[in-house]
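Undergrad: Sending over a structure as structure tokens; questions will come in a sec.
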Amino acid sequence: MVSSSDEFEAGHGRRRPDGAVSRVVGGLNQFVGLAVAQFYIVVVAVTVWEVFARYVLGSPTRWAFEVVIIFCSCAWMLSAGYVTLFGRHISITVLQDLAPPRTRDLLSKLAMIVGIFALTLFIDDNMMRALGAITSGERSGASFNSPLPMVLKCALTIGSMLYLSQLLLNLHRATLAPLGRLIIAIVAAAVALRFAANALEHFGLLEPLVAPFQSFVTSATSPLNPQQYVDARSYDLGIVTLVMVGALLVLMMSGIPLGIVTLVVSIVSALFFFGPNGIYIVSSNAFGLGEQYAMIAVPLFVLMATILERAGIARDLFDGMAVFAGNLRGGVALQTTVVAVVLAAMSGVMGGEIVMLGLVALPQMLRLGYDSRLAAGIICAAGSLATLIPPSIVMIIYGLSANVGIGDLFLASFVPGLMLAVMYAAFVLIRCGLNPSLAPTVSELAAKSGRRIELSRSQKAAVALCILLVIGVMGSIYGGIATVTEAAGVGVLGALLIAAVRFQMNWRMLQSALVGTMSNVGSIFWLVIGAVSFVGIYNLIGGTRYMQAMFDALDMNPILLVLMMMLVLAILGTFMEWISITFLTIPVFVPVIRDLAPELGLSPADAALWFGVLYAMNVQVSFLSPPFGPACFWLKSVAPREVSLQQIFAGVLPFIGLQLIAIAVVVLFPQIPLFLTWF
């Protein structure tokens with residue numbers, strides 16, 4: 001997996017695919033990816049203009065909302081080929097990594113074959129919706145009446161085609177046997193003919209040639225319709241649930257990208273329950289995701305974090321805190337926690353924060369003589385605070401899946417986030433006080449390194465602007481001045497200003513940030529598409545009602561039921577991506593929590609907020625938990641060679657204990673996260 005900066009370099013010619021077809025397909029996907037990355041600048045500019053027009057000019061626009069959705073959704077959808085070209089889709093590769101080379105190669109090819117199958121069916125249905133939208137000139141019907149539905153349906157179809165073309169190319173390049181390469185080429189040609197025939201048939205062109213071909217395809221594929229062999233509706237939903245979840249787990253563990261796993265299970269389930277027409281349900285859910293205005297906050301916060309990372313602001317914050325740390329034993333670890341809180345409040349993105357702290361704080365603590373396990377533990381734990389400290393991406397996704405106000409979630413998560421930060425800091429200070437050898441002082445660091453920590457005028461200005469950025473972004477949300485998406489757009493503008501103050505603002509840095517954002521968000525988008533499609537199908541067959549009835553039938557103490565849900569989430573978090581867990585479980589759990597609200601002494605709205613905080617804290621535990629805790633692997637990717645993964649795992653264990661204690665406190669005292677929302 002290449003980093004964002006590596007992708008920027010590769011996108012400018014360092015990657016040379018072999019063969020004419022490879023050059024065309026790979027070059028096209030690189031070009032489209034780099035082009036749509038620029039769309040985020042348009043999104044930021046339009047969002048900032050809308051805020052300016054509303055509050056300064058007193059004349060809000062009619063067009064900003066739809067223009068932002070069009071550009072942002074097109075950037076998500078059309079980046080699929082680029083993301084596939086550089087292997088950025090999220091998957092669980094533990095079994096692949098442990099398998100012998102031959103088995104690893106077979107699993108990799110299986111992943112591509114499954115993806116080709118799912119995308120072919122997905123495109124075959126979705127392109128008919130796109131062609132219909134073009135013919136009718138489908139528009140939004142809002143006051144601006146833009147062609148939003150038509151553009152999004154076309155972008156989803158084209159993005160899926162780019163994804164499919166790159167998968168076919170990757171499979172062809174990975175296959176050495178001439179017969180295998182010939183079969184893949186024939187399949188690719190047949191798929192292309194099918195898509196071309198769909199378009200020609202829709203517009204009534206070349207009917208003498210197209211009609212026999214389409215009739216042949218229909219008759220050849222009709223035996224593949226599983227509904228004519230198995231009546232899935234006759235089976236108990238419990239058995240269906242076990243089969244669907246089992247299929248998810250098996251495919252996930254085989255290394256198939258998680259978005260493809262959920263998409264293929266959704267499509268197969270739709271075929272079993274509704275026949276070929278059921279695929280329309282899958283494509284409709286995917287299209288509906290593109291119209292979610294609140295989702296636009298995710299790439300904007302990611303872009304803000306990426307710009308701040310490229311501008312080196314983490315080092316400025318760290319040095320700024322060091323000035324005030326004095327000779328407090330464990331002070332460097334303490335300032336790491338404080339910097340982590342500030343970084344979390346500026347970005348809401350955990351992965352980048354841990355990497356930044358690993359690059360800046362870990363070397364300094366190791367040079368000072370800090371215990372490597374303590375240093376690794378505090379960086380992973382403090383970096384994971386981004387799951388709770390607003391503007392948390394986890395909270396945004398939870399709010400969308402649970403239909404809970406994101407601003408209220410930000411208020412509810414703020415105090416538990418600070419509570420955890422205080423617990424981390426207190427633990428470090430107490431432990432260092434009991435065992436001084438674990439952490440020398442900052443003055444000893446200066447003596448050992450020969451570097452006196454001082455801030456230049458531009459660095460002081462950058463630190464001050466960072467604090468103002470946090471206050472501005474969060475204050476505009478809490479004060480009801482701007483929506484979460486608008487605050488994120490203004491936050492990107494503030495990040496660019498901070499980069500300029502640090503003399504880091506240049507074309508190369510901006511492009512690196514845009515491409516990194518496009519790649520990261522593109523991988524997330526396809527994962528969410530699959531998860532939303534899966535949940536949509538499962539809800540339609542009555543799965544949510546079945547799960548709710550099952551929980552109701554347990555007839556246990558509501559607190560015990562909540563703890564059981566937490567246990568389920570914790571188990572899933574050991575091997576699944578948190579976004580998938582969110583869309584798979586939250587639509588089931590939150591209605592149950594709302595029903596339990598009177599027994600918990602809460603209103604349904606407060607119960608959903610409380611559970612959202614508990615969920616985010618649970619996600620934080622899963623980020624740290626061995627053996628698959630991603631925070632540990634992110635830190636290892638930038639840690640010095642002498643810091644082993646085993647040391648990192650050992651270092652996070654005490655902090656996992658603190659997180660579990662904090663979860664217990666919030667379970668027993670819901671007032672902790674809720675009291676700010678009552679004002």
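Numbering starts at 1 and runs along the chain as displayed.
Cβ atoms here come from the backbone N, Cα and C positions, even for glycine.
According to TrEMBL, the domain 'Tripartite ATP-independent periplasmic transporters DctQ component' annotation covers 44-173. Taken from TrEMBL, the feature domain 'TRAP C4-dicarboxylate transport system permease DctM subunit' applies to 246-672. The annotation transmembrane segment is assigned in TrEMBL to 64-86, 106-123, 144-164, 176-197, 260-281, 293-313, 333-362, 410-430, 487-503, 524-541, 561-586, 607-628 (among others).
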Undergrad: Take the C-beta pairs under 8 A between the transmembrane segment (176-197) and each of 64-86, 106-123, 260-281, 561-586, 607-628. Which stretch has the highest count?
TA: 106-123
Undergrad: Between the transmembrane segment (561-586) and the transmembrane segment (524-541), are there three or more CB pairs that fall under 8 A, provided the residues in each pair are separated by 6 or more in sequence?
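TA: In this chain the transmembrane segment (524-541) contacts the transmembrane segment (561-586) - 3 or more Cβ pairs sit under 8 Å.
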Undergrad: May I ask for the residues of the chain that lie six or more residues beyond the transmembrane segment (144-164) and have a Cβ under 8 Å from a Cβ within it?
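TA: Sequence-distant neighbours of the transmembrane segment (144-164): 28-29, 32, 62-63, 65-67, 69-70, 73-74, 76-84, 115-116, 119-120, 122-123, 126-127, 129-130, 133-134, 137-138, 191, 195, 283, 286-287, 290-291, 526.
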Undergrad: Six or more residues beyond either end and a Cβ under 8 Å away: which residues meet both conditions relative to the transmembrane segment (487-503)?
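TA: For the transmembrane segment (487-503), the list is 43-44, 47-48, 51, 296-297, 300-301, 303-304, 307-308, 310-313, 316, 346, 391, 458-459, 461-462, 465-466, 468-469, 472-474, 476-477, 509-510.
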Undergrad: Treating G and I as helix alongside H, and B as strand alongside E, what does DSSP give for the domain 'Tripartite ATP-independent periplasmic transporters DctQ component' (44-173) in helix, strand and coil?
TA: 100 helix, 0 strand, 30 coil
Undergrad: What mean pLDDT does the predicted model reach across the domain 'TRAP C4-dicarboxylate transport system permease DctM subunit' (246-672)?
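TA: Computed over the domain 'TRAP C4-dicarboxylate transport system permease DctM subunit' (246-672), the mean pLDDT is 81 on the 0 to 100 scale.
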